[in-house]
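Since the structure comes first, as structure tokens, the remarks are kept for the end.
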Amino acid sequence: MGIRGLAKLIEEVAPAAVSKRLIQHYCNKVIAIDASVMLYQFITTITSGDGTALANSSGEVTSHLVGLLAKVIRLAEAGIKPIFVFDGKPPEDKQGELEKRRQAREAAELEQQKAEEEGNLERAKQLSRRTVKVTQQHCKQAERLLDTLGIPYVVAAGEAEAQCVAMAKERVCEGVASSDLDVLAFGSPCLIRNLAQGGDREIVEINLNTVLKELGFSYDEFLDLCILCGCDYANSLEGIGPKTAYKLIVKHRSIEEVLAADQGKLAEKALNWPYVRARELFKNPAVIDPKEIKKTLKWKPVNRGEAMQFLVEEMEFDRETTEKKLDKLVAARKKPKQCTIDSFFSPRSSNPEVTKTKVKQ
């Protein structure tokens, strides 16, 4: 779910924090990429004519590998050094959200079957995307492909987003690429959306310190805004959308004060609402020490033999097409990169600061 409505809210009340970038802006930079979200996007968007994911003759899904190979090539062509980060074990507090997602997938599967029986193929195609789940097998296959391509990856202790952010705070990387606004709630100094997506989609960068400055919020106040909007660890309260949440935090500065000022109405709705635990999970998530990750971080040459064995012999990719793609990747890595001037500047301060600027009304 991410943070409900946060992207649109930031565009409206803190537009200076949002920048449109060319991919060349990230030349020579190390970027942590939320791999779990990325694989889901590949499986739901790289599809056959009927809307189902690409698969080999054994029925094994291959869309995630097609997408991952293409993304690695595009990043290499732009001179970007990626670190892919996969989800580890989700916190127990997220089980409710995961159960809701499971139920939603099952409901979508039933609707899809009904649409197919009624001959409504377009509706069935739309519903097929809602039935997708990224499995451990998908992740292991992606990790194996990255191994053959010489690209480093990390399996997080918990949430991939939290691990990415911990790495950004310790300057192991210079930004976090994800579509999920949770990254800002975890405190990432820089969120990059649509990185190397292909097509005409603009890369959007959101700078957290600028968000805080524009809003006149401390990080703690911003985090309370995120929780009040609704997140994976705590659903939003009935009747409170992103704009209302923003106005309440502007006025009261914390969730406790919001509840206390409402003469018991919200407090009643908030009974058993785990906002305190949500704060703890965002501020102190389970992560691997970024300093330990940095010690072993290495980009290696492509192992063409292993890549061909996996993609062509095992996953049934077309041999000629795969050879050409690997040639393209090797050439991209060797070619000197033309970087934009601003790509050489250091990233801004990695820790959100308490700001004292005037609050926007």
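Using the three backbone atoms N, Cα and C, a Cβ is placed for every residue, glycine included.
The shown structure was predicted, so the numbers you read here are calculated from the model rather than taken from an experiment.
Swiss-Prot annotations:
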{"type": "BINDING", "residues": "Asp34, Asp87, Glu159, Glu161", "note": "Mg(2+) 1 binding site"}
{"type": "BINDING", "residues": "Glu159, Gly230, Asp232", "note": "DNA binding site"}
{"type": "BINDING", "residues": "Asp180, Asp182, Asp232", "note": "Mg(2+) 2 binding site"}
{"type": "COMPBIAS", "residues": "341-354", "note": "compositional bias 'Polar residues'"}
{"type": "REGION", "residues": "1-105", "note": "region 'N-domain'"}
{"type": "REGION", "residues": "123-252", "note": "region 'I-domain'"}
{"type": "REGION", "residues": "337-345", "note": "region 'Interaction with PCNA'"}
{"type": "REGION", "residues": "341-361", "note": "region 'Disordered'"}
For Asp182 (Mg(2+) 2 binding site), name the DSSP secondary structure in the helix/strand/coil scheme.
helix
Cα distance, Asp180 (Mg(2+) 2 binding site) to Asp34 (Mg(2+) 1 binding site), nearest Å?
9
For the binding-site residues listed here (Asp34, Asp87, Glu159, Glu161, Asp232), tell me which residue's CB has the most neighbouring CB atoms inside 10 Å.
Glu161
Measuring Cα to Cα, how far is Gly230 (DNA binding site) from Asp182 (Mg(2+) 2 binding site) in Å?
11
Three states by DSSP: which one describes Asp232 (DNA binding site)?
coil
Please work out the number of neighbouring Cβ atoms within 10 Å of the Cβ of Asp182 (Mg(2+) 2 binding site), leaving out its own Cβ.
25
Would you mind splitting the region 'I-domain' (123-252) into helix, strand and coil residue counts from DSSP?
67 helix, 14 strand, 49 coil
